[in-house]
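This report refers to the structure that appears directly beneath it.
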């Protein structure tokens with residue numbers, strides 16, 4: 001029992017003892033012992049009744065009766081109140097004591113009621129305090145677990161950011177290099193301005209050499225800037241709404257200057273016709289196009305146009321075909337060894353997407369899966385002329401679990417789905433034969449991605465999203481090394 005309950009019990013016990021003592025002691029203090037009467041003359045009185053009158057103020061009352069030694073009757077009576085001697089000190093004391101006892105009894109009753117009420121309140125508060133104590137223990141334990149989770153997340157983030165510190169240091173050096181380029185350009189501009197004023201006062205051969213050297217360095221710098229690690233994907237830009245739920249569209253990353261043709265292929269099987277639009281503007285605003293008929297229907301949506309030829313997977317086979325769009329002839333066919341086909345190892349959305357052809361800054365790629373690699377993704381870099389696999393990497397990522405995939409600067413990026421909420425969450429670096437899990441948001445605006453390819457010329461992702469042709473800009477993290485320039 002708690003301390004407050006013990007204190008209340010002690011108070012109640014003490015009050016009960018006081019009441020019992022007063023009820024037993026007060027009559028003897030004032031000489032009102034009603035059980036015995038003594039004879040004045042030494043004779044013995046017989047014991048008789050000793051009942052106090054119910055109301056002494058009303059009439060005469062016989063208190064007791066007895067006989068003495070001579071046989072005379074002796075009676076003790078109580079006279080009415082008005083006949084009593086008001087100066088009797090013991091009577092006054094008795095009256096005062098009785099009044100005090102009555103007052104004390106009333107006070108004790110009030111105190112008892114209050115004590116009982118307070119006892120109930122204390123018991124209720126004790127129960128509530130125990131409940132609060134239990135809740136505080138739960139909150140404390142939950143707080144510790146939450147702090148542990150936060151600490152773990154922060155530590156993981158720090159481990160992820162720590163490798164970027166030396167990269168940032170290199171970035172500072174790269175910024176200085178760009179400033180040097182800027183100063184050299186300003187110097188050359190100043191020299192050219194002086195030459196406009198004074199013809200023949202400067203060595204043209206030396207000037208041409210400086211300009212050529214600077215141009216080569218700038219071109220090398222821009223080439224370095226073209227590659228990097230994917231860090232972000234922009235919101236989608238809807239170019240056009242046309243076709244079925246599945247399909248592919250693209251431009252040629254190696255097309256010469258001024259060649260802005262767009263290629264359009266609706267569906268993922270049982271189709272041979274490729275549309276050619278003269279420009280992106282024509283594709284967006286008109287239905288004027290030239291149609292090319294392929295010698296075989298294609299399979300899936302993993303076709304690419306590269307250097308004037310279209311590369312596609314022949315329907316229900318693991319054969320890759322290179323078809324020249326200008327002469328409309330087959331230039332090369334080759335089987336992709338051990339590659340699954342005919343919906344054996346497709347992307348999560350299906351659609352005969354077993355073999356996906358891709359292009360990046362370094363050339364032509366094929367992404368597929370084999371039995372030998374347990375249905376996990378296989379990456380092969382292909383010779384664009386002979387279609388021979390130059391190098392192959394086996395990953396541990398199941399192809400059927402991938403929503404879509406694309407390659408940037410030799411790194412394969414895989415989305416975690418094709419419908420609803422989507423993100424890029426897996427990357428395999430072929431230059432290091434290593435992978436990592438990442439978290440790059442990807443807005444799936446129309447809820448069904450059936451084609452996603454990177455164009456290194458535009459530095460953009462081309463997507464077919466539920467009958468909408470969509471573009472995404474990408475953000476790459478670059479590192480320029482001055483010793484390579």
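Going from the start of the chain as shown, residues are counted 1 onward.
Including glycine, each Cβ sits where the backbone N, Cα and C put it.
Some features that TrEMBL has for this protein:
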| type | residues | note |
| --- | --- | --- |
| SIGNAL | 1-16 | signal peptide |
| COILED | 94-142 | coiled coil |
| COILED | 178-224 | coiled coil |
| DOMAIN | 226-478 | domain 'Olfactomedin-like' |
| DISULFID | 227-409 | disulfide bond |
**Item:** Cβ neighbours of residue 409 (disulfide bond) where a neighbour is any other Cβ within 10 Å
**Value:** 19
**Reported mean pLDDT - the coiled coil (94-142)** = 75
**Asked** List, in sequence order, the same-chain residues at least six positions removed whose CB sits under 8 Å from that of residue 227 (disulfide bond)?
**Response** 361, 408, 409, 476, 478
